[in-house]
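Everything below concerns the one structure shown next.
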Amino acid sequence: GLKYPGMPNFAPDEPGQIFLMDLNEQNPRVQALNISDGFDKASFNPHGISTFIDKDQIVYLYVVNHPHMESTVEIFKFEEQQRSLVHLKTIKHELLKSVNDIVVLGAEQFYATRDHYFTNFFLALLEMVMDLRWTYILFYSPREVKVVAKGFSSANGITMSPDKKYIYVADVLDKNIHVMKKHDNWDLTQLKVIQLGTLVDNLTVDPDTGDILAGCHPNAIKLLMYNTEDPPGSEVLRIQNALSEKPRISTEYANNGSMLQGSSVASVYQGKLLIGTVFHKALYCVL
């Protein structure tokens with residue numbers, strides 16, 4: 001799991017890893033990807049991830065990393081035959097602080113969310129209590145870095161519609177999803193807000209339907225004040241027709257914590273669902 005202030009960690013001495021699951025297999029198995037030398041694996045603390053496939057069908061993995069509680073974006077090339085990652089570059093910038101998630105738009109181009117303005121744990125708590133709304137979405141490229149949308153309580157997961165025209169952003173503390181229109185200059189304007197009534201963590205898009213899958217936390221107190229006797233539950237919501245007047249919201253998965261604690265993300269692929277958590281297990285389901 002993610003090493004994050006205030007969150008439990010069941011393997012504090014283990015460095016972070018990237019795992020691969022091939023959902024085309026009959027019985028998919030989890031495999032840790034080897035990372036090339038020259039990269040500081042001991043301090044690897046991965047958070048949000050996004051992929052980019054170039055015109056030659058080479059897959060690049062972009063990873064939000066928190067080494068020593070800082071924020072960087074790491075770029076890896078995926079070597080399919082060797083099932084390994086080759087580290088290519090570390091991106092740092094003064095606006096890349098408290099980064100939560102990214103969505104890649106092109107080679108070294110991405111949107112990133114900042115989930116807290118303050119990096120100090122106690123100031124970040126005060127920020128939450130006072131609802132300062134100082135978090136934002138950032139656009140990064142080698143030529144330009146700028147804030148493209150702001151005013152979020154805590155900008156969290158971010159993803160893109162299949163036609164690449166719209167950006168979906170989760171505001172975890174406001175319990176909603178912002179639907180943003182992407183402009184040619186990379187700025188974002190808000191089209192609508194979808195209220196979900198649960199803490200929305202990370203978002204993905206169903207590649208077959210365009211539906212949004214949201215990993216959610218139904219009870220904030222249980223998440224922040226972890227108790228093994230009464231653990232936080234898990235919830236995955238599906239949002240259909242997000243751009244319509246009345247999006248349809250349905251529950252894809254729910255559990256009281258007896259099987260899965262602190263669901264943070266869900267991906268669906270050809271009738272198979274994979275759910276990730278902040279610090280617990282991952283769950284594989286056949287729909």
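Each residue, glycine too, has its Cβ placed from N, Cα and C.
Copied over from TrEMBL, here are the features:
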type	residues	note
ACT_SITE	His47	active site, proton acceptor
BINDING	Ile49, Asn100, Asp101, Asn156, Asp201, Asn202	Ca(2+) binding site
CARBOHYD	Asn202	N-linked glycosylation site
CARBOHYD	Asn256	N-linked glycosylation site
- prompt: 10 Å Cβ neighbour count around the residue listed as 'active site, proton acceptor'?
  reply: 21
Residues flanking the Ca(2+) site, with Cβ no more than 8 Å from the Cβ centroid of Ile49, Asn100, Asp101, Asn156, Asp201, Asn202 and excluding those residues themselves: His47, Gly48, Thr113, Gly157, Ile158, Ala170, Leu203, Ser264, Val265
Query: Expressed to the nearest Å, what is the distance separating Asn256 (N-linked glycosylation site) and Asn100 (Ca(2+) binding site) at their Cα atoms?
result: 25
Query: Near Ile49 (Ca(2+) binding site), which residues of its chain come within a Cβ-Cβ distance under 8 Å, counting only those 6 or more away in sequence?
result: Ile18, Leu61, Tyr62, Val63, Val64, Ile102
Query: Out of these recorded positions, Asn100, Asn156, Asn202, Asn256, which one has the fewest other C-beta atoms within 10 Å of its own C-beta?
result: Asn256
- line: Cβ contacts within 10 Å for Asp101 (Ca(2+) binding site), all chains included, total 27
